[in-house]
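Features as listed in TrEMBL:
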BINDING   Cys46, Asp48, His98, Cys101  Zn(2+) binding site
Amino acid sequence: MSTDKVADLLERNKELSKSYKRPPLLGEGLEKRKKTGAKGTVIISCADPRITPEHFLGLNFGECAIVRNGGGRTSDAIRSILDLDALGAMGTIVVIHHTDCGMTYLTEKEFSDRTEEKHPDFAGTHPGFDYGAIHDPEKTVVADVEYLKSFPSLAEKMTIAGLVLDTFTGELKRLI
Ligand SMILES: [Zn+2]
């Protein structure tokens, strides 16, 4: 097997593409939703490879849009939320933070210091950048939902919930 990760991934895709079935066209789904008035759901979750909403939520293929970033922070996901809603109305946003999250391993200052060291070109041109460190996921998930709800157009039109996944038990707890 190749030690090159990209080559490895391409090789795996080559195998899998042999049995690939194309999904329904996006445009058809959007049209259908427009006619029935059905609204979409978007899950905001962490980029951690161990945290896969498809699995711990038992999602069906194509059921929810999923936006993942470091920590599942909503300030980072807002562009995708707005874009998804522009394409086809969204009705529910579920924000999920989790225990043992990488974003709790460093403080905001440590993220900032390390970035200054490793990527001075970025840090130098982005003073005061929000790296999104998490101290307590039960608090940040509430703050992140409140951030979304601070926009009345989102708060009035959508159900916005904040959950924390306990990575030790696999259970979700709703905080807001
Ligand atoms: Zn995480």
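Backbone N, Cα and C define each Cβ position, glycine as well.
Keep in mind that this is a model prediction, so the values were computed, not measured.
DSSP assigns His98 (Zn(2+) binding site) to a strand segment in the three-state reduction.
Sequence-ordered, the extra residues of this chain that approach the Zn(2+) site, with Cβ no more than 8 Å from the Cβ center of Cys46, Asp48, His98, Cys101, are Ser45, Ala47, Arg50, Ile51, Gly71, Gly72, His97, Asp100, Gly102, Met103, Pro137, Leu165, Thr167. In this structure, Cys101 is the one among the binding-site residues Cys46, Cys101 with the smallest number of other Cβ atoms inside 10 Å of its Cβ. The least crowded of the binding-site residues Asp48, His98, judged by other CB atoms within 10 A of its own CB, is Asp48.
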